[in-house]
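Input: a single structure, listed below in structure tokens.
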Protein chains: 4
Amino acid sequence: MHEECGVIGIYAKESEVVPQMLCFGLIALQHRGQESAGIAVVKDNKMQYYKEMGLVQEVFNTSILNRLHGDVGIGHVRYSTTGESYASNAQPLVVRYKGGSIALAHNGNLVNANAIRSELEDDGSIFQTSIDTEVIANLIAKHYHLGMKQAIVESVKQIKGSYALVIVMEDKLIGVRDPNGIRPLSLAKLEDGYVLASETCAHDVVGGTFIRDIEPGEMVIIDQNGVESVFFDQSSRKAVCAFEYVYFARPDSIIDGRNVFVSRKEAGKILAQENPVDADMVIAVPDSGTAAAIGYAEESGIPFNVGLIKNKYMGRTFIQPDQKSRELAVRLKLNAMKENISGKRLILIDDSIVRGTTSAKLIKMLKDAGATEVHLRVCSPPVIHSCHFGIDTPNRQHLIGAVKTLSEICEAIGADSLAYLSPEGLIKGIGLSRNELCTACFDGNYPMEVPENGDKHIFEK
Amino acid sequence: MHEECGVIGIYAKESEVVPQMLCFGLIALQHRGQESAGIAVVKDNKMQYYKEMGLVQEVFNTSILNRLHGDVGIGHVRYSTTGESYASNAQPLVVRYKGGSIALAHNGNLVNANAIRSELEDDGSIFQTSIDTEVIANLIAKHYHLGMKQAIVESVKQIKGSYALVIVMEDKLIGVRDPNGIRPLSLAKLEDGYVLASETCAHDVVGGTFIRDIEPGEMVIIDQNGVESVFFDQSSRKAVCAFEYVYFARPDSIIDGRNVFVSRKEAGKILAQENPVDADMVIAVPDSGTAAAIGYAEESGIPFNVGLIKNKYMGRTFIQPDQKSRELAVRLKLNAMKENISGKRLILIDDSIVRGTTSAKLIKMLKDAGATEVHLRVCSPPVIHSCHFGIDTPNRQHLIGAVKTLSEICEAIGADSLAYLSPEGLIKGIGLSRNELCTACFDGNYPMEVPENGDKHIFEK
Amino acid sequence: MHEECGVIGIYAKESEVVPQMLCFGLIALQHRGQESAGIAVVKDNKMQYYKEMGLVQEVFNTSILNRLHGDVGIGHVRYSTTGESYASNAQPLVVRYKGGSIALAHNGNLVNANAIRSELEDDGSIFQTSIDTEVIANLIAKHYHLGMKQAIVESVKQIKGSYALVIVMEDKLIGVRDPNGIRPLSLAKLEDGYVLASETCAHDVVGGTFIRDIEPGEMVIIDQNGVESVFFDQSSRKAVCAFEYVYFARPDSIIDGRNVFVSRKEAGKILAQENPVDADMVIAVPDSGTAAAIGYAEESGIPFNVGLIKNKYMGRTFIQPDQKSRELAVRLKLNAMKENISGKRLILIDDSIVRGTTSAKLIKMLKDAGATEVHLRVCSPPVIHSCHFGIDTPNRQHLIGAVKTLSEICEAIGADSLAYLSPEGLIKGIGLSRNELCTACFDGNYPMEVPENGDKHIFEK
Amino acid sequence: MHEECGVIGIYAKESEVVPQMLCFGLIALQHRGQESAGIAVVKDNKMQYYKEMGLVQEVFNTSILNRLHGDVGIGHVRYSTTGESYASNAQPLVVRYKGGSIALAHNGNLVNANAIRSELEDDGSIFQTSIDTEVIANLIAKHYHLGMKQAIVESVKQIKGSYALVIVMEDKLIGVRDPNGIRPLSLAKLEDGYVLASETCAHDVVGGTFIRDIEPGEMVIIDQNGVESVFFDQSSRKAVCAFEYVYFARPDSIIDGRNVFVSRKEAGKILAQENPVDADMVIAVPDSGTAAAIGYAEESGIPFNVGLIKNKYMGRTFIQPDQKSRELAVRLKLNAMKENISGKRLILIDDSIVRGTTSAKLIKMLKDAGATEVHLRVCSPPVIHSCHFGIDTPNRQHLIGAVKTLSEICEAIGADSLAYLSPEGLIKGIGLSRNELCTACFDGNYPMEVPENGDKHIFEK
């Protein structure tokens with residue numbers, strides 16, 4: 001399961017290291033996308049960009065950064081799926097329109113992109129990528145005669161779905177968050193400017209001091225006059241993606257006032273209250289289950305320990321293992337701590353279950369290593385609906401929570417007992433109110449109408 | 001001096017090796033562009049493409065070709081300049097429009113691209129590249145409602161300049177040549193289909209049998225019904241680029257009925273008639289001066305010999321030589337054949353002189369090697385006007401023929417005597433009539449109105 | 001600080017995936033060396049090898065593995081230093097000698113390599129690398145006439161220092177551990193063969209069942225007859241490197257009967273007993289301090305929590321940061337968990353202190369994030385002597401423990417208090433007896449005579 | 001058919017661009033080997049080297065050159081065969097011996113390398129490569145106690161075969177040519193030093209002034225005192241490789257007083273005298289047949305013209321063509337000039353015939369292009385014996401001249417007539433006396449005893 005993207009924008013007129021700072025920020029956001037990375041910078045109306053398939057540190061090096069000059073810029077990392085992916089879909093998207101050049105980077109997913117694209121094509125527009133961002137760029141260009149600010153406002157009023165957008169246009173840095181605020185976007189102060197980023201962990205690595213989250217339905221325009229705020233749509237309820245807290249965001253990030261680690265740990269405590277079990281040890285599926293496991297242990301009084309060791313050198317791509325060695329391959333990533341768990345009754349904490357295949361392998365590994373019991377406690381409710389707002393969940397039929405009962409799942413994965421956190425528990429753990437969160441993947445309660453056909457990647461050239 | 005591009009298109013419904021054949025063709029056209037290479041293929045309405053900076057053999061390998069499937073396709077090689085060049089400008093350009101996908105590859109230069117782009121931008125169009133091809137794609141998309149054939153016709157009627165275009169649209173292969181026929185484009189028959197290419201040497205490597213040149217102002221549409229011809233503009237005079245014969249095209253190619261080698265050799269004979277000189281030996285600047293030198297020798301009775309040896313391994317990029325070794329660097333490319341020329345009076349045949357800097361270095365090298373006299377004979381008239389139709393000539397102030405007199409040039413390059421072929425001689429050598437050729441770079445007689453401002457690359461994002 | 005190397009050897013006559021399994025094992029050992037990786041395999045007396053600079057997954061891919069065939073083989077990963085390093089120093093070393101081919105991979109450091117090399121050079125031997133392994137290969141070749149077994153025995157009797165060696169010779173797999181057993185080496189059973197590895201975590205990923213550690217001064221010869229054991233030197237005391245337990249080895253590995261995680265956690269408990277301090281929270285420097293922190297927390301009753309978040313995407317090489325951004329660069333690797341630590345008195349657990357520079361940065365980061373007190377507890381004694389047996393410790397003058405008093409160090413790193421684990425505490429934590437361990441880096445008590453001049457890399461071509 | 005190698009050495013104590021000049025020289029020698037390239041330089045007793053698979057311009061770039069510092073150095077290019085080849089076999093070979101470091105680069109082939117290697121192995125020597133150079137390095141190291149000069153002399157006295165050696169040892173540049181002088185090596189003066197190279201074309205690109213060829217059996221030692229000459233063996237007759245003149249050397253090079261182009265042209269004249277034929281045109285197989293074709297035309301009075309065009313962009317490696325397109329693939333390299341040859345009776349001049357397969361394809365291509373007759377004239381005698389001295393000729397059974405009669409060959413290749421140059425004609429063309437040349441590949445008259453078993457690459461690890 002993969003988050004779609006991470007974005008960053010920096011405005012620092014006195015700085016000479018904006019391209020480098022953008023890269024630093026993207027490294028901090030790398031967990032949000034490992035497929036491609038790119039930055040676009042502008043200086044004196046000259047726009048330059050570089051983007052390529054790969055991790056930030058594979059795409060950029062000193063020689064490339066030395067060729068890029070700008071004091072305003074944006075950056076983007078894109079997710080990796082197992083399927084085919086194209087370099088032409090890397091972001092930022094840089095286009096020329098009547099008023100000059102514009103660069104855009106987008107995190108989220110539009111539910112009416114195809115409809116708008118079709119309308120634009122009716123008027124003769126052409127498309128060179130399959131990313132929603134190109135639709136947004138076209139809309140802004142169509143409205144350029146209204147002036148920059150109004151052109152963006154009119155454009156985002158037409159699009160539906162989730163979006164945290166950073167834009168460079170007319171030497172300004174612009175940030176936009178969708179009316180539901182589904183994807184996060186926050187603002188920090190630099191010594192000589194500002195930074196916008198998907199997560200606050202990116203503020204930290206560029207030396208930013210957190211100011212505030214961008215509000216749902218808000219656009220900020222950053223230039224030499226500071227930060228101007230425009231509220232373009234306040235008719236919708238806030239609906240921050242609960243899955244950011246559950247799995248995607250970095251634990252040290254703060255989203256809409258709630259720290260991710262603290263949310264997970266709190267949820268872990270509630271999980272312990274809701275689903276206690278007698279056992280010898282609480283262990284986590286690293287790394288995303290760690291905070292919840294610490295909370296569970298604290299609440300239950302059962303000691304926390306390390307039961308699974310992660311190989312930090314196990315990268316993304318490797319030799320395709322043959323059938324015989326496929327089973328071994330899982331051990332390349334995680335290995336059981338025999339000495340800690342042998343003869344022990346374990347409570348295994350995972351952040352969520354999507355397909356259930358990994359859970360089954362891990363439980364088998366733990367039992368092979370001598371665990372006498374493995375009680376799986378999942379720190380979120382069952383995922384039973386696809387996400388339409390930027391999380392790459394599989395179709396419903398592959399969501400184990402949607403097709404199997406609790407006891408069927410428990411049997412399928414080989415656990416001695418299985419329990420999920422309740423929706424209420426999750427919401428309480430996160431610490432926002434129910435009507436400030438999007439919990440659609442758990443309850444189907446989408447904050448807006450979504451297409452019947454849930455496929456998110458139907459556009460192909 | 002660099003030719004802008006080479007194009008190829010193949011329609012071969014029964015073939016499974018169209019991607020490979022496109023690559024073979026592009027290798028044969030590699031002399032027309034060494035900056036980037038790309039192909040686009042379609043099969044059952046699924047368009048795929050691959051393009052990258054580099055030579056054809058650097059860009060493509062078996063593993064990439066195996067991922068590309070199609071029985072109709074086009075290919076493109078792009079020129080290399082010393083300035084900045086972007087991967088995003090590589091061709092073919094593949095876009096989605098209302099009717100599906102379209103791939104275009106273009107050789108030539110439009111003189112009204114900026115004006116059209118500006119109009120399109122008025123309507124809100126955006127541009128992602130700085131290539132004329134994107135303008136053409138936009139025009140076709142604007143007219144899509146007219147149907148494919150008419151959409152292309154209406155589009156090319158709006159553009160002015162030179163263009164040999166190959167297009168894949170609706171599973172058909174389309175070729176278009178501008179009303180003056182400035183850039184070459186010719187058609188050949190394959191066992192199971194057709195091939196269009198900038199030069200006939202590309203027919204040969206894919207096993208094609210030459211049928212005919214595409215006519216100026218003609219569009220051909222190739223599908224399962226064979227070749228349909230549409231004449232969209234016959235109001236202009238033919239104006240085939242004379243420089244294709246002088247320098248750019250491969251000697252084994254036939255353009256509009258005249259073989260390039262034969263043209264050069266004939267011109268060399270006429271050069272001997274027009275500008276005889278008493279000497280011991282005729283030598284060529286390899287490789288483009290060889291044919292003319294053989295002709296000069298044959299006509300003058302002075303023996304042809306090899307005076308300069310070319311290092312065939314001297315590639316494009318290398319260690320930037322420091323001041324001290326810069327002079328040596330020229331010898332990496334060409335070296336003098338001391339034994340042949342020592343004590344000899346030489347007639348040195350070059351195809352053309354643009355800036356004059358290379359000529360000076362070569363003459364010095366020949367004299368250092370013992371030549372007692374070096375009489376430079378240039379097998380084309382002085383280049384005194386910039387090209388607006390796709391040849392990367394420098395601005396007028398850098399054209400030595402435009403800023404210096406014959407005797408000044410002779411002195412500047414250190415020759416014992418200097419003579420150019422007359423315009424009449426060149427035309428006679430080529431073998432087409434004067435009003436079938438564009439000789440604007442020699443006489444300023446452009447076949448259409450050209451912009452005052454001759455800069456060809458003013459569009460920058 | 002870097003471990004020198006990791007080694008693996010596999011004998012599996014019925015297997016067709018030995019090259020792949022060797023790579024799996026090397027990935028599990030990747031923490032022992034990130035500079036280069038290589039494997040050598042033999043089948044029917046044909047030796048093949050591949051080695052290159054880079055991580056295992058950068059060096060190997062399916063196409064390379066498909067070219068390597070063998071049912072007996074060895075692999076090696078090599079450490080990375082900041083200084084210059086040569087591809088020619090990558091291992092395994094494959095040489096031809098009178099009896100055929102031999103491949104060697106070595107973890108450790110010889111203290112008399114220069115002396116032996118000098119003697120060999122007296123006889124006219126030449127050296128192509130600067131690795132000790134080439135000295136060993138020469139010795140074996142000198143003694144080839146004694147037969148394989150005796151040739152190795154005579155050779156290792158001449159060398160002094162630390163070595164865990166895996167060798168392929170005459171289609172057999174041989175493992176050798178130095179008489180002190182300084183570097184670890186252990187044996188496991190495969191379904192159809194055997195595996196030797198520096199750490200047991202490598203057994204796990206190839207499906208091996210642990211049999212036993214190779215004894216100090218023992219050589220094992222593995223062939224179709226099984227495992228033959230030869231004890232070539234039992235005159236020395238056992239002296240397993242204590243630093244393997246403190247820092248280098250993977251927590252899930254078992255070395256000489258003691259699990260690394262358990263050792264660290266036990267040591268953490270003793271640290272709490274020896275150096276208690278009143279505080280609100282115990283946090284670790286991830287990842288090597290985690291086990292000790294859990295132990296400290298358990299023993300002290302002060303809750304364990306996460307105070308520093310590690311960016312798992314922060315790789316080895318990157319843009320050289322300029323002075324201004326250098327300070328930010330540390331945040332690319334580790335970031336403080338403000339919410340957890342703000343207003344809190346922290347006990348920070350690190351595994352060891354070598355230079356002290358990182359400690360200072362982390363403590364500043366924690367205080368900037370709001371920690372009111374930071375008490376550093378180090379889970380090993382001060383490092384005051386250089387290692388001569390394969391750990392890349394700096395020279396004494398750069399060891400903060402050797403040049404500063406406890407209070408000076410405490411001040412230098414900005415901690416509110418500082419305490420180290422006692423030597424006795426460490427030994428008790430590890431669980432071996434004092435005279436089974438090498439603790440020379442802490443107490444200077446080297447298990448053999450070491451050269452006055454401690455430089456370990458004095459050989460340069 | 002491939003030449004084994006090219007070597008260069010530069011001594012220029014005042015120069016700061018020796019690494020760059022070595023690369024320039026290697027580019028000029030690139031035709032002698034395209035598999036690997038490398039240089040080794042020394043400054044103040046510090047030896048550095050860099051070598052890699054690939055062309056000089058692929059292996060070296062500015063960043064690599066900037067890391068190499070030296071005022072004395074050597075360089076090497078190695079041939080490419082279709083079979084397996086190893087990076088470890090790249091040269092120069094740099095080794096450490098008792099006296100310090102030594103770098104060697106070798107062009108040629110030893111006929112007693114295996115015997116010496118076996119003797120060295122008896123004494124316990126190990127070998128890491130399969131190149132003869134390692135044997136030579138071992139011999140020098142064995143004799144180091146005699147002092148540098150005598151150590152080299154004693155070593156080369158033991159080896160048999162062909163060798164042009166350049167060596168850096170004790171900060172001096174040394175050149176050695178075997179007692180028969182089979183491989184070329186010549187000396188030139190630089191402004192501030194000296195250059196040794198396989199061919200004089202490499203002198204030219206580094207600005208050298210030719211002094212003289214190194215004599216057979218001579219060693220030169222170049223240091224601050226100038227050039228010292230040592231004749232170590234004058235008992236053998238001179239036997240310069242005739243094939244250097246026929247095919248391998250660059251036309252602008254002078255070997256032992258005879259320019260290669262002039263030799264070929266003279267031979268072409270004699271070929272015309274010996275084997276006249278009535279025809280319309282003389283054409284060459286480019287590029288190696290060009291000089292002879294010009295000579296043949298001059299002598300016969302039949303006009304020279306271009307009949308085959310070479311694609312200068314057709315590189316070494318490419319998409320493996322399938323069966324169907326394999327026939328087309330030959331056209332990627334050479335294409336027929338239809339206009340010149342159609343309806344013509346051709347005399348096709350090739351430098352030599354080894355296997356005969358290319359000749360057959362070319363003659364078919366010429367006839368398909370309309371040639372009415374093709375008379376092949378080969379400017380050397382039939383190759384009927386394998387070379388043991390560094391030319392990669394196939395085994396006898398693949399030499400068409402060894403297994404077929406003249407008329408069988410003529411039929412096999414589809415020529416209308418076929419004639420070879422006589423041995424006497426070749427010798428006369430080259431201009432050296434018969435007993436100064438090695439013509440063994442034509443007449444079996446080897447200048448020394450050669451092994452029965454002609455395989456040259458029997459050593460495999």
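One-based numbering along the chain as shown.
Yeah, the Cβs are placed from backbone N, Cα and C, and that goes for glycine too.
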Per TrEMBL, member of D:Cys201, D:Cys241, D:Cys410 binding [4Fe-4S] cluster alongside D:Cys387, D:Cys438, D:Cys441: D:Cys241
Segment confidence, the domain 'Glutamine amidotransferase type-2' (D:5-225), expressed as mean pLDDT: 93
D:Ser288 (Mg(2+) binding site): tally of other CB atoms within 10 A of its CB: 20
Same chain, 6+ residues apart, C-beta under 8 Å of the C-beta of D:Cys438 ([4Fe-4S] cluster binding site), given in sequence order: D:Asn180, D:Ile182, D:Ala239, D:Val240, D:Cys241, D:Ala242, D:Phe389, D:Tyr446, D:Pro447
Candidate recorded positions D:Cys5, D:Ser288, D:Asp350, D:Asp351, pick with smallest Cα gap to D:Cys387 ([4Fe-4S] cluster binding site): D:Cys5
D:Cys241, D:Cys387, D:Cys438, D:Cys441 excluded, remaining Cβ within 8 Å of their centroid ([4Fe-4S] cluster): D:Ile182, D:Ala242, D:Phe243, D:Phe389, D:Ile391, D:Thr439, D:Ala440
Pairwise Cα distance for D:Cys441 ([4Fe-4S] cluster binding site)/D:Ser288 (Mg(2+) binding site) [Å, integer]: 18
D:Ser288 (Mg(2+) binding site) and D:Cys5 (active site, nucleophile), Cα-Cα, nearest whole angstrom: 18
Mapped DSSP class for D:Cys441 ([4Fe-4S] cluster binding site), helix or strand or coil: helix
DSSP three-state assignment for D:Ser288 (Mg(2+) binding site): coil
Environment of D:Ser288, D:Asp350, D:Asp351, the listed Mg(2+) site - residues of the same chain whose CB lies within 8 A of the CB centroid: D:Val246, D:Tyr247, D:Ala284, D:Val285, D:Gly289, D:Ala292, D:Ile349, D:Ser352, D:Val378, D:Cys379
D:Asp350, D:Asp351 as binding-site residues, winner by CB count within 10 A: D:Asp351
DSSP-derived structure type at D:Asp351 (Mg(2+) binding site), helix or strand or else coil: coil
Binding-site residues listed as D:Cys387, D:Cys441, least Cβ neighbours within 10 Å: D:Cys387
